[in-house]
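Engineer: Dropping a structure here in structure tokens format, bear with me for questions.
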Ligand SMILES: Nc1ncnc2c1ncn2[C@@H]1O[C@H](COP(=O)(O)OP(=O)(O)OP(=O)(O)O)[C@@H](O)[C@H]1O
Ligand SMILES: Nc1ncnc2c1ncn2[C@@H]1O[C@H](COP(=O)(O)OP(=O)(O)OP(=O)(O)O)[C@@H](O)[C@H]1O
Ligand SMILES: CC(C)C[C@H](N)C(=O)O
Ligand SMILES: [Mg+2]
Ligand SMILES: [Mg+2]
């Protein structure tokens, strides 16, 4: 599937140890030919997760198209190959082994989905292949001093647990809440956010009223009734796209009329459009954000929209775009021979900017993904669905102070 | 269940006492009693819906009778009240049946169907079977041989390895018969074995029933509407109607019994049977 | 009291959705002898059609729903003609697997046709609440309940009292012999798939405004409808409807008064235990096979 | 001798089940108002013939013509609507229906309510036991009762041609006699009957014409009165095992 | 000459030959003839085939349908992961416990099956499986919830440390062993009794088959197979995630045995390959159709069932016929 032209002898181990070695002693890493840099990912692009996987990959491809259009990296085009793993760990594992051992790609960009990522994290570390951006928020990715074999893992996306903490921090810091309702879905997103929320609530000594709903549920009425009865003063909607509209609509239907905060995944015009009629005149829906569309970032957004026709407003496409951006920023910094080590050094060299705001620092082995988030709110007056930024990117500490 | 009296079963293999069962308001079998002697061919006749099949189902424990007792002298000569046994235990005592509507396994070969009749005669455990221990292998071979011999006596050994599905009705009837023979029963219950057989086949069947009863030393309880067969093979006959006893006797006595003629035989057929 | 009523009212609405879906499953089961695992995804597909007509084509909602009904009928016909008719030699279990294949096809095609974004479908009656004994019920919810019941009553009447119903039940009982009696079984089966499709899209259109139109729209409804059918029994058409309402209400009561985490599972276990004592559901009875 | 006009004509009919050739090109003619018997040993192809006429089995060759209409490829339900009724092998009652519902289905192709009513009266007259059991589920009937139900159900449709597949199977001698009488009676009313039976002697008594099948071929045919006395018949073809 | 013929005809020789052939996959992958990913894809398919074989005994032979296979397989996976990782006990102990515990529950379901039949049983087992899945999601201490549970390649007998290839070999060996055991079991008294139970409950009881015992045996066997598969899975993929063990997977198992052929041992293997491996090895490699592989797989399943309603094993007759035709024409 890929052309193995010159200088492609380095094997899976990534044996070029010393970064101090003179340039001409270095060999180009696998997956890099005179004309191409081959990268890959496996993601669920069919079945029930297609609505996430398809736009995500479209975002990655769009960004590479932009880069290639601008002349590529050191004159090489970035070639992106992809296999549909159907969210199945076996298939994801098989795909990864094929990428690294058969096709000998240079890096994995946008490794996707909790089950596949968790099942292959060890394999990745063993291979030593750089893996930039993980489309999942599992805790295993977090590392504050990655060294040696763990260095190659570069998470970017916010971790749901962090987000759960931020939500409670917002509720208390920005809205003065003391009794918070949490409606969470029984999936990794919901449960991780709950974990974060509980941790933070304990720290801040506020009361939580917790209700679980099934991911993808159509009837969440009993959970909402419980929340209503408890007379909370703020609600956390710890659920991703499919379920959050159900929760918000039920809150409106039962006139709970307390403000709601939810995860960055939902900060998309589509979701806003889906619920704006129901909440109008009743309560506000806030969302964490790790991207900002205001001011100077508007340009980045326009550029994104230009390349992702059909997915202009899709958050998952946006995250794919970001994934590719982080990967490319690292590449751009290497001048001369690209090996796995020179590449990883480049990523760690200094913080990398997110095109939509904020930055991530991989320096000194820090692998923590996005730590700062902003706050936006659904605009009641726009029936087409719109989020407007209320507060800029802030860390937990700055929210609480 | 506590048996307060041990019936006298000298010379008998089966004794039915005051058997009754009702479905809703309908008394399908009503205070029925009869007994079957060892090695005799006993006929049970009666109009459609008289309760014959229901009586069979009570004897073989497919139905639980409302009242009455069913005693059976098992292989070891011990008197058993069948009501104290589960359906699947009946065959071990030495009582086996066929079905009014053939009940065979279409996807198995004829010989395998016959071997099912020998199910309770195997000693090998699952473990023996899973690992094909010599014990299991030998036993399987022995039983297969026996089944083959039975098929031979019925003249269908050439089909032993054919599947049951798609076989003509007459063959199916024979396979059912063979399956009941392999367990060396003391009493075989046959429910309409001649249904669907043509004249010649019915004659053959009648010969076979007599022979089997002699050779295997077992009694046969037969339900059949084909009077030529019944009159030909039965030593004694019991006629019932609306679940109740009607008449009992030798074929000749039954044929001449007015009640039986009115309720069941009809005049013309009686003539036919005499032809 | 009012909270209790609140939970019940809201569950009635969900119950109606389950009931429509369950009816779709049972009608196919009784005519084609297929446990149709694809009822939900086909309904999801047709709900996407409604959403497409409404949002992209700009049709009024009622007209879009009408379009969805037409699409449901066409898809039903298509399934019967292209697939089900050719399964004469296929065993009932294998037919279930055919519906698994259909799930894969629909799940694969839908995002290609309608995109991957969750879409919004509004309620038929946007506003208004009725307050009854201290509990709220929206006019739309009320409409759903009444409409659902009306559809079901009509279906019952047709199935139990008319010749068409006799034809359907005869086809269900023994297709070959029904043909011998002059029952146009092919038309019956064709009709059953179409009706199942329509029941599906109706349940989808009722469910969609509570959530959003996504590939998973009907997942939960499908499982609960299947369980409703088993709880009610496969032998009647009203048993599953009863089962659907019991599940709708029972689930929410258990979630509310019991545990929001385990309520659903407790219900499953209760149903399981119930089945041990009534193996053929609330209404069903064992068909005795006389030997 | 066969004076009436031909109602049903079967030519070179071939039927296959996978590799098994059940009918190997048979020819038959059935005249209006006749009772035609089909005899033959087990597996000769009698049932296959009836099932092919009624459209349940697809033929692999040959033709079946009803009146002047070719019905070889016509679907079973249409054939039924044309007036061919059948009491099938193995009874095939609708197990979970009551006796009455079974009979109702038998009259499915009849539009006239009064006609249905009179058919009900008639079959209940023939088989009083069915009337007694009319609300009982068919699956719990005795073997013979089910057989009666199957025959009665076929009669409910007032068929022009009645196909009976071993109608006497499992019936008490008295009832067998009744069945034969009923067949004669409906013949009087102008119904054509094709009857498959094992009991050759009894059947030939009421039949006008008979075909003897063996291994999927017509081995013999002729007027019943003549065949009855043909020594070949019993010897050669009815006991082919 | 004769002995050679005998060996060729011997069913055990076939199983072993198949096993030997499968053992070559990693070698071929190393030489680049196969992709490395085939080791994982095929290993996965074989694991699923083992569970499907159990279901085939249950459904194919005893006629009892279960939609709970995935739940039991998952339970075994978690038990084995827990015992090796959290309790630090040897793989062999984990294996035993991981087979034992689910099987006990399986037998319980078998008890229920005496009363519940057909589609009712299918949905009842589905309910059991859903409850199990929920416990996988909620009992974090045991399953690590939605983060998923990791496990390691096992060390056999405390000395042989397996790696990916070693694990693959182990899977093939277990597969062949299970095929042989299954062959022995179903071609004897037990197989006949199970067949009889499915074909006619009345007849089987009248012939002395104890329905309760045999249903329990069938459920126990199906659960043992599913558990073995679960253990192999968790130590091959080194991971278990709650939503893997879903209705979808249980339906996939059904699809495998139906596509391959009910009551067919080789058929089950073929079915597992078609449902699990063919999409990855072939369909996804097709240009343009890459995006449609899911749809194609659905179409494939439907076509196979329509054209081979009794399973793809029957395709061998058609292939033979085709071969004969071509051969005759050529001659
Ligand atoms: N489970 C049941 N529920 C209701 N009625 C039943 C049931 N089983 C049998 N019956 C009725 O009991 C009566 C006796 O039936 P049974 O089958 O014993 O008759 P039979 O003597 O075998 O008749 P045949 O010669 O027609 O086979 C019949 O009238 C039948 O309708
Ligand atoms: N569905 C089927 N599949 C395979 N073979 C069949 C099938 N139906 C019938 N046959 C075969 O076709 C041949 C003719 O069968 P048919 O049932 O027509 O015979 P018949 O004359 O009615 O016999 P019987 O007197 O036993 O009812 C037989 O060899 C039979 O085994
Ligand atoms: C679909 C994925 C991109 C997101 C999902 N929550 C996961 O991490 O598994
Ligand atoms: Mg009877
Ligand atoms: Mg026949």
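Glycine residues also receive a Cβ, built from the backbone N, Cα and C atoms like all the rest.
Automatic prediction, not curation, is the source of TrEMBL annotations.
Okay, these came from TrEMBL:
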TRANSMEM  C:12-31  transmembrane segment
TRANSMEM  C:37-54  transmembrane segment
TRANSMEM  C:61-84  transmembrane segment
TRANSMEM  C:96-116  transmembrane segment
TRANSMEM  C:137-159  transmembrane segment
TRANSMEM  C:190-211  transmembrane segment
TRANSMEM  C:223-248  transmembrane segment
TRANSMEM  C:254-277  transmembrane segment
Engineer: Excluding the flanking five residues on each side, which residues at least 6 beyond the ends of the transmembrane segment (C:96-116) place their CB within less than 8 Å of a CB in that stretch?
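Structural biologist: Long-range Cβ neighbours of the transmembrane segment (C:96-116): 34-38, 41-42, 44-45, 48, 51-52, 79, 83-84, 87, 90, 215.
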Engineer: Looking at the stretches C:61-84, C:137-159, C:223-248, which one shares the most CB pairs under 8 Å with the transmembrane segment (C:190-211)?
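Structural biologist: When the Cβ pairs under 8 Å are tallied, C:61-84 comes out ahead.
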Engineer: At an 8 Å Cβ cut-off, counting only pairs 6 or more apart in sequence, do the transmembrane segment (C:137-159) and the transmembrane segment (C:37-54) clear the bar of 3 or more pairs?
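Structural biologist: Output no: the transmembrane segment (C:137-159) is apart from the transmembrane segment (C:37-54).
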Engineer: Can you name the far-off residues of the same chain, 6+ from the ends of the transmembrane segment (C:12-31), with a Cβ under 8 Å from a Cβ of it?
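Structural biologist: Same-chain residues near the transmembrane segment (C:12-31) but 6 or more away: 39-40, 43, 137, 141, 144-145, 147-149, 151-152, 155, 168-169, 171-172, 188-189, 192-193, 195-197, 199-200, 202-203, 206-207, 218, 221-222, 224-226, 228-229, 232, 234, 237, 240-241, 243-249, 252.
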Engineer: Can you tell me which parts of the same chain pack against the transmembrane segment (C:223-248), counting only residues 6+ beyond its ends and a CB-CB cutoff under 8 A?
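Structural biologist: Distal contacts: 11-19, 21-27, 29-30, 35, 37, 39-40, 152, 155-156, 159-160, 267-268, 271, 274-275, 280-285, 287.
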Engineer: Is the transmembrane segment (C:37-54) packed against any residues at least 6 beyond its ends, judged by a Cβ distance under 8 Å, and which are they?
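Structural biologist: Residues packing against the transmembrane segment (C:37-54) from afar: 21, 24-25, 28, 60-61, 63-65, 67-68, 71-72, 75-76, 79, 96, 99-100, 102-103, 106-107, 109-110, 113-114, 119-121, 196-197, 200-201, 203-205, 207-208, 213, 215-219, 221-222, 225-226.
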Engineer: So what's near the transmembrane segment (C:61-84) in sequence-distant terms, Cβ-Cβ under 8 Å and 6+ beyond its ends?
Structural biologist: 32, 34, 42-43, 45-47, 49-51, 53-54, 95, 98, 102, 122, 124, 189-190, 193-198, 200-202, 204-205
